[in-house]
Amino acid sequence: CPSFSHTLVIEKHADPEVNLLFYLRKVHILLLHFRLTGTKYGCGGGGCGACTVMVSRYDPRNKKIRHYPATACLVPICSLHGAAITTVEGVGSIKTRIHPVQERLAKCHGTQCGFCSPGMVMSIYTLLRNHPEPTPEQITEALGGNLCRCTGYRPIVESGKTFCVESTICQMKGSGKCCMDEDESSLVSGEEKMCTKLYNEDEFQPLDPSQEPIFPPELIRMAEDPNKRRLMFQGERTTWIMPVTLNDLLELKTSIPKAPLIMGNTTVGPSIKFKDEFHPVLISPLGLPELYFANNTADGVTIGAGYSLAQLNEALYFTVSEQPKERTKTYYALLKHLRILAGAQIRNMATLGGHVVSRPKFSDLNPILAAGNATINVISKEGQRQIPLNGPFLEGSAEANLRPEEVVLSVSIPYSTQWHFVAGLRLAQRQENAAAIVNAGMSVKFEDGTNTIKELQVFYGNVGPTIVSASQTCRQLIGRQWDDQMLSDACRWVLEEIRIPPAAEGGMVEYRRTLIISLLFKFYLKVRRGLNKMDPKKFPDIPEKFVSALEDFPIKTPQGLQMFQCVDPSQPAQDPVGHPVMHQSAIKHGTGEAIYTDDMPPIDQELFLAVVTSTRAHAKITSIDVSEALACPGVVDVITAEDVPGDNNHSGEILYAQNEVICVGQIVCAVAADTYAHAKAAAKHVRIAYEDIEPKIITIEQALEHNSFLSTERKIEQGNVEHAWKQVDQVIEGEVHVEGQEHFYMETQSILAIPKAEDKEMVLHLATQFPTRVQEYVSAALKVPRSRIACHMKRAGGAFGGKVTKPALLGAVSAVAASKTGHPIRFVLERGDDMLITAGRHPLLGKYKVGFMNSGEIKAADIQYYINGGCTPDESELVLEFIVLKSENAYHIPNFRCRGRVCKTNLPSNTAFRGFGFPQATVVVEAYINAVASQCNLRPEEIREINMYKGTSETAYKQTFNPEPLRRCWKQCLEKSSFYARKQATEEFNKKNYWKKRGLAIIPMKYTIGIPIAFYNQAAALVHIYLDGSVLLTHGGCELGQGLHTKMIQVASRELNIPSSRVHLSETSTVTVPNAVFTAGSMGTDINGKAVQNACQILLARLQPIIRTNPKGKWEEWVAKAFEESINLSATGYFKGYQTYMDWEKEEGKPYPYYVYGASCSEVEVDCLTGAHKLLRTDIFIDAAFSINPALDIGQIEGAFIQGMGFYTIEELKYSPEGMLYTRGPDEYKIPTVTEIPEEFYVTLVRSRNPVAIYSSKGLGEAGMFLGSSVLFAIYDAVTAARTERGLSRTFPLSSPATPELIRMACVDQWTDMIPRDDPSTFTPWSIHVS
């Protein structure tokens, strides 16, 4: 009996297998006939925060109401008896009143695609319910469990910070000077006045906590009812039992010992969903008072097993505030890890008892609890006992285990003592909300007044199948002095005791071995420092240069400034062009009322589709047996290649595998059933027999061995490269590997295909960047004319290139199923399937040979690129052409040759991705710039400056351009970022710190816009004026979150000279604008804006005679008069497109209409012992020409930069040697969170002119992506500093991404030298690189 958003809901048939997310979105709640679709599906595993809701419970013991965030995908509906649930719809609505959280998120431009926005709203809203005046740190912490792929987080955090007591947003100083200008220079540059306010805080409605909904009194009465009875819910397959007394619980555990206990469902839930575990009975002791308490005793603290990790955090904070520091060392260690363990939602759901007893091998808390000598208090019908939380328990030994009938009551954590040191250490792929790669809990107790070891405990996580105790090593060290010789022996012995096999699951074997001793060394230093503080005379301190190694990177709330051109004061007030206008759907994003494909209400008789994919990379299909699947409940049909009426292979893209499979993840067949659960269950019963085919090609190296390519070579060349080698002082060669990237759009691929009763018509609603291609593929598959296929595209929850070609294939798969069954088909990919099937950015191998003078001037370069295209053509050839054409970046090299090939492999086909090859290819360019700098003993920025384009120039493909804006961006970036002063400061820091190093890099950019094929640059629009004066606008571009529709409304408003409020834009459709090209290449505004402008100008020209006769009339009067005079009030606008071309035989052309220039400077700090890095500051200067909407453009730049930063640092795809993708969700694949963005983030739009584009604007959607590489090269700068100090070569292999593993292993030292190494020929690694 939960309460949803002020509505009492009594669910009499609650199914234990139904989670809250499904219930909200898909079930008719009560008889109310509404679905709450504001809560979004993003991953299904609690890792993205898109489904965040607020859960409120009343505690009858302390008479308090607890509000906490939870991920609805992990909350069983049965667990909510007596709880109040607030969804985003309950916070505020455009139909009633929007909440200040929703309003500020929208007006601060904290939404782009909007799919993550309801989750963001709920996280901030829940924080405000508990802390109406939060600190900036609380805002950042509250958002730690929410992922956003669009915005780069800065505006989201800023919206939350507006609720803080003191304004923390960087403001203009009273003198009119800018805080980022260290020389206090004016904001007026030349004659250009710059603005910094993207929104007006005065517009915000105040937050009034007294107006929030009250907790339902009936739920308080229910909680305080002394006569509670055991609750039981019977589902289709599972029974849920909720005991109301401890004795009742023990009776249940005695009679059903195998039934798991469910509290937060953060362990059992994912195991059921992702590992196919099944439990016929689930026992949920939620609310049993005996499990919820925190008691302080003389010996320590005892915490009830039912306390969530968030409540544990509160209890420990209270204790450390009350107790002397020497008694709370274990608690401090736990608190440090609790801050970054998972996200706020999971910390509020997961319980201490569940965490301890599930013993995950990656647990951050259990090693610390064990090191702190914690004990577990358990109870059964036989009585109570204590189990030491120690090595035998964590390693799962039978004698130390819980008995099946026992229940954990509490965990006792003793106080530490004066000569007792406890620490927790960890390293993860990113700082927060990521399981540790290796973690540890360590403690040492000394004989009083000495450094003689009395007790030593060392526990490691993620180095074996369980938490591992280094007990043997610890025993050997008892009685030893805490000195360098002890450390040396300890490292040697622990590596002998804890052996990670070379083919161990999770890979990174040598790195994990290094972390084992690196973390031990950190603990050694911490204890040495602690001893020194206790008795400085007796115990010498650690070297000053080592001190910085002791602390982890702090989590700071980001701040910054955004600068853009001010609007001309003489511009009419209603003309919105140039103003930072809010995204047209932003408020709806924040209220959850923006409709995405899967939010559309169910259609009568609709079926759900679940696909069966290949488990082999290259094999013959010997048989497909669907008989078992067809017999499963709810199944209507199974669709295979035999059921495709038309082309099953269209333009080389295969809908359903036939006879053979060519990659893991290829669709073989699809099950259509009445529910998705039934379809998914039946799909597991499809039996496919395979016979492997050789060769199986996974990597670029293997493709080169087998001469396996998807297309012919592409080449451009200028000068005489071969001759130039003889004219230079030095020649160097090298190669760079750049791995791929997953799009990770928040909304997975979603399609609704509706067959019509007449004329073989088919209607599709889907999120795509290219409705025309969907129409083409569906038409070909169904063998019907395109005119009978209607594709509707309202909005996409992110795309980034991943929704250009893939929706066409998936749409055709859906349409074939709809055609065969005669039912509407809803096909929504789960996150894991989406990542497996649709692939992403092309991995790249770049080989270079560069000739240069000792002065640093590069005279010749020969580049060879290979990209991993996967198994079918997709867009790979075009991507390769872009790579070759963009291969110069910002440098003029007189003798230049670039060649490229697309490799054909047995991986899912890689596809378009933001930047379209440029972010990968240009890493190679900047890598050889760095290599030249190293050889010439010059700084990289000096080499960049020497070789950068100067004056009107010609590219290698003979296109003329003026690089003046490039030079201006570069100069301003150097000056405004205080580059040289900070470079000096970095060098000083590095001299004083041995284990932490800082790096600084500045990277220029010459980015191309558009497509080298002229007909791909055309666009059309349709504008209707209605008799009330309102305007309906449609065009061929797709709204992906970039604000394209908002800009088109701005264009129409200016051209028709009417307020934006009169212009409505509903959707993109093949019915209204036929044959539209894809929305990609940063040209959405360019081409569609011209088409809209053309249509509006046609209409205004028609109205001119009316206006001339009544110049003082109103718009609606002119419209009415025009209708009376039979003037057509509808017009089609058209833009022929930029007349680009490329002649590959002549190796010349004009492939791009213009360039976007920019420069980015980033500063990082690197932990040489772990490989962790922290991004301290980024300055971006980008040539925006004239920005139509600075808020949207800056949002695109920041979002692209953070996406690029992720690509170059923490985002790592992992494949098995057999071609299976391991990283298939947010638990394995880490995109940046709010803690990864720069602590200081400055973005400036540099003004220039661009007469070829609408209003002299430039397309800025992708350019920021490559600027993220400034972080990569700053990391390499820091690593180079470490290597130089250690006497190592300054040049070393440069690859991307610069993961913690790569950073740590490049910082070679005594610890990396100590680890055992394995002969690669003696084992098969768990994962491989495919570049």
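Heads up, the Cβ atoms here are built off N, Cα and C, so glycines get one too.
TrEMBL: automatically predicted annotations, no manual curation.
Feature list (source: TrEMBL):
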{"type": "BINDING", "residues": "Cys43, Cys48, Cys51, Cys73", "note": "[2Fe-2S] cluster 1 binding site"}
{"type": "BINDING", "residues": "Cys113, Cys116, Cys148, Cys150", "note": "[2Fe-2S] cluster 2 binding site"}
{"type": "DOMAIN", "residues": "233-418", "note": "domain 'FAD-binding PCMH-type'"}
{"type": "BINDING", "residues": "Leu261, Ile262, Met263, Gly264, Asn265, Thr266, Thr267, Val268, Asp364, Arg426", "note": "FAD binding site"}
{"type": "BINDING", "residues": "Gln769, Phe800, Arg914, Gly1081", "note": "Mo-molybdopterin binding site"}
{"type": "BINDING", "residues": "Phe916", "note": "substrate binding site"}
{"type": "ACT_SITE", "residues": "Glu1262", "note": "active site, proton acceptor"}
Listed binding-site residues among Cys51, Cys73, Thr267, Asp364, Phe800, Phe916 whose Cα sits within 10 Å of Cys148 ([2Fe-2S] cluster 2 binding site): none
Among Asn265, Thr267, Gln769 [binding-site residues], residue with fewest other Cβ within 10 Å: Thr267
Cys43, Cys73, Cys150, Leu261, Met263 as binding-site residues, winner by CB count within 10 A: Cys150
Taking residues Gln769, Phe800, Arg914, Gly1081, which bind Mo-molybdopterin in the record, the widest Cα spacing (Å, whole number): 12
Beyond the site residues Gln769, Phe800, Arg914, Gly1081: chain residues whose C-beta lies within 8 Å of the centroid, for Mo-molybdopterin: Ala799, Gly801, Gly802, Val804, Ala912, Phe913, Phe916, Leu1040, Thr1079, Ala1080, Gly1261, Glu1262
Cβ neighbour count within 10 Å of Gly1081 (Mo-molybdopterin binding site): 25
Integer Cα-Cα distance in angstrom, the residue listed as 'active site, proton acceptor' to Arg914 (Mo-molybdopterin binding site): 6
Maximal Cα-Cα distance (Å) across residues annotated as binding FAD, namely Leu261, Ile262, Met263, Gly264, Asn265, Thr266, Thr267, Val268, Asp364, Arg426: 29
Closest of Cys73, Cys113, Arg914, Gly1081 to Thr267 (FAD binding site), Cα positions, binding-site residues only: Cys73
Spatial neighbours of Cys116 ([2Fe-2S] cluster 2 binding site) among the binding-site residues Cys48, Cys73, Gln769, Phe916 [C-alpha, 10 Å]: Cys48
Cα separation, Cys73 ([2Fe-2S] cluster 1 binding site) to Met263 (FAD binding site) (Å, whole number): 14
Candidate binding-site residues Leu261, Asn265, Asp364, Arg914, Phe916, pick with smallest Cα gap to Cys48 ([2Fe-2S] cluster 1 binding site): Asn265
Distance, Cys150 ([2Fe-2S] cluster 2 binding site) to Arg914 (Mo-molybdopterin binding site) (CA atoms, angstrom): 12
Fewest other Cβ within 10 angstroms of its own Cβ, chosen from the binding-site residues Phe800, Phe916: Phe916
Those residues of the chain, 6+ apart, with a Cβ under 8 Å from that of Cys113 ([2Fe-2S] cluster 2 binding site): Arg149, Cys150, His589, Tyr745, Met746, Glu747, Arg795, Ala796, Gly797, Gly798, Ala799, Leu1040, Gly1041
